[in-house]
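Positions annotated as domain 'MGS-like' by Swiss-Prot: 1-140. Summarising the annotation, Swiss-Prot assigns substrate binding site to H8, K12, T34, G35, T36, T37, S54, G55, H87 and lists sequence analysis as the type of evidence. Under the heading active site, proton donor/acceptor, Swiss-Prot lists D60, citing sequence analysis as support.
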Amino acid sequence: MKIALIAHDKKKADMIEFVTAYQPILEQHELYATGTTGLRIQEATGLKVHRFQSGPYGGDQEIGAMIARNEMDMVIFFRDPLTAQPHEPDVSALIRLCDVYSVPLATNMGTAEILIKGLERGDFAWRNIVRGRKGEINGL
């Protein structure tokens, strides 16, 4: 599975804590992240992470492009809902794409834990079928 990991600045420590706690599960998958988040994950865990640009410099859009090509299976995005983000339209577009392409999305630690536990059980094997039908999702 291809998993995107994104965290706003005030949530990066939470992301590191999450990835560290679930490293045995995450290391079995292909990880992607926006720039700084990916760097922090690599430094803290040693996991291999494909890094895009930082979110405000287009990283969210790069992940969104993978979603639109049906090449991303899950997004874990620890958002900071209390701080205005200069790239909020990109964030909204990313969330919209997850809905359009039925990509599981967690925007907080509680939901992320549910997704990861489901991933561990094999609950997302259906994504392999969906990924094989590029362009056919939701009648597109």
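The first residue you see is number 1, and the count goes up from there.
Including glycine, each Cβ sits where the backbone N, Cα and C put it.
Because the structure is a prediction, the values reported are computed rather than measured.
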* **binding-site residues (T34, T36, S54), the one with most neighbouring Cβ atoms at 10 Å** => T34
* Structure fact -> Its Cβ having more other Cβ atoms within 10 Å than any other among the binding-site residues H8, H87, the winner is H8
* Might you list, by sequence position, any residue in that chain lying six or more from D60 (active site, proton donor/acceptor) with a Cβ less than 8 Å away from its Cβ? => I6, T34, H87, D90, V91, A93, L94
* How many angstrom lie between the most widely spaced Cα atoms of the substrate binders H8, K12, T34, G35, T36, T37, S54, G55, H87? -> 17
* Structure fact -> Three-class DSSP assignment, H8 (substrate binding site), comes back as coil
* Asked: For substrate, what surrounds H8, K12, T34, G35, T36, T37, S54, G55, H87 with a Cβ no more than 8 Å from their Cβ centroid?
  -> I6, A7, D9, A33, P56, G59
